[in-house]
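In what follows, a structure is listed as structure tokens, so that the remarks can point back to it.
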Amino acid sequence: MSLQHVCIFSGKMAAAVVLRLLLQVAVFSVTFGREAGLPVISYITEDQEVDPGMDAVLRCRVDPWPNDFPVMWRKAGGAQHDMPISIGSTVIIRDPKYQLWHTSNQYELHIRNAEASDSGDYLCHVYLGIQNYISSRTRLQVRRPPIVLDGSSSSQSIMEGSAGKLECYAEGVPEPSITWLREDRSTLPSGEPQANGNLLLIHAAQTSDHGVYLCVAENMLGRDVRKINLKVNVAAAAASPLVAQAMCTPNCLNGGQCVGTNTCQCPRGFTGPICEKRSFKCNPAAFSPLTTLGVELSSGVECQEGSHWRQDCNWCRCVRGRPHCGRRTCTIEMNAAFANEPECEGDSNWRNSCNWCSCCDSKAVCTVKRCHTDAVNFIPPKQYILMTTRELQG
């Protein structure tokens, strides 16, 4: 095999060459066509794939020797391939990448340094006359790594319980496979770790489906990955104003929260159906008349900042969350009686003359004093007097 002839034309010159050869074919076919045996294409290269930068060879064999019937190579489709590449042994397109090798009945089209734009269908024509020819087709594919196309999903937002789909399309040679994964490697909505195909279907979206999905396009030359963010929106529950108002009537007080129908959750220091009462933990011994006052009482007593109460002849207030007490003066002896009756509720308290009672652990705890109300003088809270009952009697 040898390179017989290479000639490159362009524009009007190439068109003139084609027209002249076809006219010669027309004259020959009219004069001798009926007597001569018509040629056939006995072989054409099978479809092939080549790597970028490699040479590709396309072969077309015609029997019998088509000396009087022009053989043409051309690429199908594309504006830049409207003209044939070669006719007979002549390359008629201005592109040095094309060479033609010709023997008596075989025409080889060499494509040097193949690139992606060279991919496509190539046709071998044998012209028998004007608008009369036989042809055979072969396909050349130049391998290239996959690319995810712009028509693929980039983000998707659907409502909880709704159906949806994610789309991924890619091109490459060989044709890439498409695989779906989740970025955090959790399972897909189908329950499987991965799926294949251009579409990922979601039949009833759940909040657990929210996240980033990966579309992986892969072939022998590499891979391309597209991240697709799926957002699952939850419909806001429509609250009925009538139901909201009817849950706690009247409303919870002192910072209490309505947690059910007429059920209040009270903060620390308050109790009652609507948190209307103060709640103090107390230690009856802490209020004995023999207790030295002016110091912090037992840790069994709890109070909130700003609260005040009186027990026997004492004045108490809350300082930094702990009770501090000072004694007020009484003109007569104070006797204390701690009774476990009557039953009482919450932090109720009452006073009768110089008697002061309060509720502690659901029992009434009272201090009884024989004195006149007019004889009781209050000492300002900051002027604490450290004294005992015995000192008062003196």
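Even glycines carry a Cβ here, placed using N, Cα and C.
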Disulfide-bonded cysteine for CYS258 as listed in TrEMBL, from CYS248, CYS275: CYS248
CYS252, CYS275 - which one TrEMBL pairs with CYS266 by disulfide: CYS275
Disulfide-bonded residues listed as CYS248, CYS258, CYS266, CYS275, least Cβ neighbours within 10 Å: CYS258
Cα-Cα distance linking CYS248 (disulfide bond) and CYS266 (disulfide bond), given in Å to the nearest integer: 13
Helix, strand and coil totals (DSSP H, G, I; E, B; other) for the domain 'Ig-like' (145-233): 3 helix, 50 strand, 36 coil
Helix, strand or coil at CYS258 (disulfide bond) [DSSP, three-state]: strand
